[in-house]
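Q: Okay, handing you the structure first.
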Amino acid sequence: MGCLGNSKTEDQRNEEKVQRETNKKIEKQLQKDKQVYRATHRLLLLGAGESGKSSIVKQMRILHVNGFNAEEKKTKVQDIKNNIKEAIETIVTAMGNLSPPVELVNPENQFRIDYILNLPNYKDFEFSPEFYEHTKTLWQDEGVRACYERSNEYQLIDCAQYFLDKIDIVKQNDYTPSDQDLLRCRVLTSGIFETKFQVDKVNFHMFDVGGQRDERRKWIQCFNDVTAIIFVVASSSYNMVIREDNHTNRLQEALNLFKSIWNNRWLRTISVILFLNKQDLLAEKVNAGKSKIEDYFPEFARYTTPDDATPEVGEDPRVTRAKYFIRDEFLRISTASGDGRHYCYPHFTCAVDTENIRRVFNDCRDIIQRMHLRQYELL
């Protein structure tokens, strides 16, 4: 009779059975999630502000996530119009601030500058026909163009010329941005943005983190289980200064940042894919011959193009020398302090050129796969 007190009721046995089955399902799902997690390549996009990181993410969407639908494109119209407003405001403000100042070729346009400088400064500004007329006329003034040519002396968004040239298209009521418009559109990245995509049944998670100095403290929370870092550099920024202090050379800032990441004790086993970006703008500057690299980096005067350099078809030898000099400045850092546990893989990129990014990312996939296998000690 004493044994009867330990017997379980039918309800208790059923409850325990349900609990065991539930636990099995949870364990099975955890194992499945772990497998998916381990099979996912996590890529962290780092780099100084305005280097083109967000454009790389947009390219991944265009190439691997069916791009942007019509509704998403419509939501970017206001941002693009804001880019036009910011561009013309910045240029006409700089005309009086530069030394020596820049004069209008047609003084009758002064009232248009006064109009632009008195515009309200809020995000949802309503763009009138009057705004477009004044902006277009000013953009055609040779004095405004001359000020634009000196844009390395002040802070101007890269897409200024692109969108100012498209005013007649953007102002239309039925305007829908093209993929190229979306790639060019500049919106400050604040925080951390994740993009998920799949290439040949391989899962990728790409994390885009704001590049301005006050955003970098957020980077450390992204470092856990990263497969590789993609470090993006604005190669054309050799004659510009950063927005944060209007003093530090932008390319030097990128070099310093790269060095701090390369030597970070938490990242000693994570390899870096180096995107030497904005090659189109670098070529424009070098070919124009107005801003000489040696004026900002004196060591360039002694630099010779390496024998193994592979220039693009029809590329000016001056451009080849410039881009390889910038590449080698970064490789000097990686080779000086590398201990063989991580490597630097440089690529010349143009983030607004979809075919270029398609080709470069395809070239990088084998490298990323090897890093992933090494990450889980399978190689």
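Using the three backbone atoms N, Cα and C, a Cβ is placed for every residue, glycine included.
What Swiss-Prot records for 8-25 is compositional bias 'Basic and acidic residues'. Here Swiss-Prot flags 181-189 as region 'G2 motif'. Annotation comment: Swiss-Prot describes 204-213 as region 'G3 motif', evidence class sequence analysis. Positions annotated as region 'G5 motif' by Swiss-Prot, on the basis of sequence analysis: 349-354.
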Q: Please work out the helix, strand and coil residue numbers for the compositional bias 'Basic and acidic residues' (8-25) from the DSSP assignment.
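A: Secondary-structure breakdown of the compositional bias 'Basic and acidic residues' (8-25): 16 helix, 0 strand, 2 coil.
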Q: Excluding the flanking five residues on each side, which residues at least 6 beyond the ends of the region 'G5 motif' (349-354) place their CB within less than 8 Å of a CB in that stretch?
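A: Here the qualifying positions are 52, 55-56, 59, 62-63, 179-180, 183-184, 232, 275-280, 360.
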Q: Could you tell me the mean pLDDT over the region 'G2 motif' (181-189), as a whole number?
A: 91
Q: What does DSSP give as the helix, strand and coil breakdown of the region 'G2 motif' (181-189)?
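A: Summed by class, the stretch gives 4 helix, 0 strand, 5 coil.
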Q: Within the region 'G5 motif' (349-354), how many residues are helix, strand or coil going by DSSP?
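A: Going by DSSP assignments, the region 'G5 motif' (349-354) contains 1 helix, 0 strand, 5 coil.
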